[in-house]
């Protein structure tokens, strides 16, 4: 019987990608197969996020639950990776001394050697180095887990927004070579993948080397990905407004496979707050980019991220954010109360805003965003949407689920052998977090 590996993932899509690569590398080196039951595993890995304080505390809550498993099975190996590992380092073992492995986002390719060392020596192993692109050079070919896949094209961020810990935990921006990205996607397409999501902390800063000192930007990469046989949908995330270029907007005009959905975090509708956040752009510049984009893709869905309660935020600043939300008409978006991250410039700003007021503002903002999202969903009822059938529905395994081009989950009744096909679905109902529909026909079979 194959030995088992359990991975718990917190945070962003980049972490989901990293977790899949952890599974790939340990499957190849140690014959470990993924399990959904931690009690059946001999290795437990926690891939962490440190963007917000609550996410960080979730790490230690999870480790506390795993401690009981370690006490009953001392040979069990527990590892902590991701951004909390990078930020906290040895402190993790101070709070949870039963942890065997601590590794950063850039060292997951070293997991086989770390695991072997920990088992042989019964001593903890910590590797928080930043070996840049080496991570991708040493990882095995990815295994497709369905008709959609994430592909990391760059890591890190060099923007140093005042509130953000990512540059300190993921490092500076490093782009993968163009040919390496294309080769990975070709391999996934050969395994039946039909939709690719290109990932990066600041993905539109991608500048992949293509030989003789030349580089390819994200727009050029998208054009080439669209030409790969079998790839019929392309998404990318997460974007920074500063580098959302005219060439990328032109890609939306020229590449039909690039979906009509964009996640473009703005964080605030106030120029004063954007300056305090060190975002590098104004509200007017942000809106100008969206205006250009909508000229070439009138139906595009725009989602975003928002922070309320950054130290110094006034009522006028908050009202400016609400005004931007109404003007743009954002689709499903994420919003949070500012959480000070150690070592970031914003953490040292004086904060005189009561937490009760921050919570009130967040509730108002989320209510406004939710109303827009519901209106968009209801507007899709009685329309026909092309959906890539991804998997059985999470809520009802007798149904199937897939996503529309604008990133809506649709649940519908159909035969299981339709997974991997594009189908036309008439939307019949808008539910709080998904849509329901009926299949009209299969557009094409995905081999």
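Note that Cβ sites are derived from N, Cα and C of the backbone, with glycine treated the same way.
Keep in mind that what you see is a predicted model, and the values were worked out from it rather than measured.
Features of the protein shown, as given by Swiss-Prot:
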BINDING   12, 49, 83  [4Fe-4S] cluster 1 binding site
BINDING   157, 161, 164  [4Fe-4S] cluster 2 binding site
DOMAIN    3-120  domain 'MTTase N-terminal'
DOMAIN    143-375  domain 'Radical SAM core'
DOMAIN    378-441  domain 'TRAM'
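Annotated features, which come from Swiss-Prot, shown on the structure.
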residue: 12; record: [4Fe-4S] cluster 1 binding site; DSSP (3 states): coil
residue: 49; record: [4Fe-4S] cluster 1 binding site; DSSP (3 states): coil
residue: 83; record: [4Fe-4S] cluster 1 binding site; DSSP (3 states): helix
residue: 157; record: [4Fe-4S] cluster 2 binding site; DSSP (3 states): coil
residue: 164; record: [4Fe-4S] cluster 2 binding site; DSSP (3 states): coil
Averaged over the domain 'MTTase N-terminal' (3-120), the pLDDT of the predicted model comes to 91
Please list, in sequence order, the residues in the chain of residue 161 ([4Fe-4S] cluster 2 binding site) that are at least six apart in sequence and whose C-beta is under 8 Å away from its C-beta. 267, 277, 278, 279
Among the binding-site residues 12, 49, 157, which residue has its Cβ surrounded by the fewest other Cβ atoms within 10 Å? 12
Sparsest Cβ surroundings (other CB atoms within 10 Å) among the binding-site residues 83, 164: 164
Take the C-alpha atoms of residue 157 ([4Fe-4S] cluster 2 binding site) and residue 83 ([4Fe-4S] cluster 1 binding site) and report the distance between them in angstrom, rounded. 13
Within the same chain, and leaving aside 12, 49, 83, name every residue whose CB is within 8 angstroms of the centroid of the CB atoms belonging to the recorded [4Fe-4S] cluster 1 site, in sequence order. 10, 11, 14, 15, 48, 50, 51, 55, 82, 84, 169
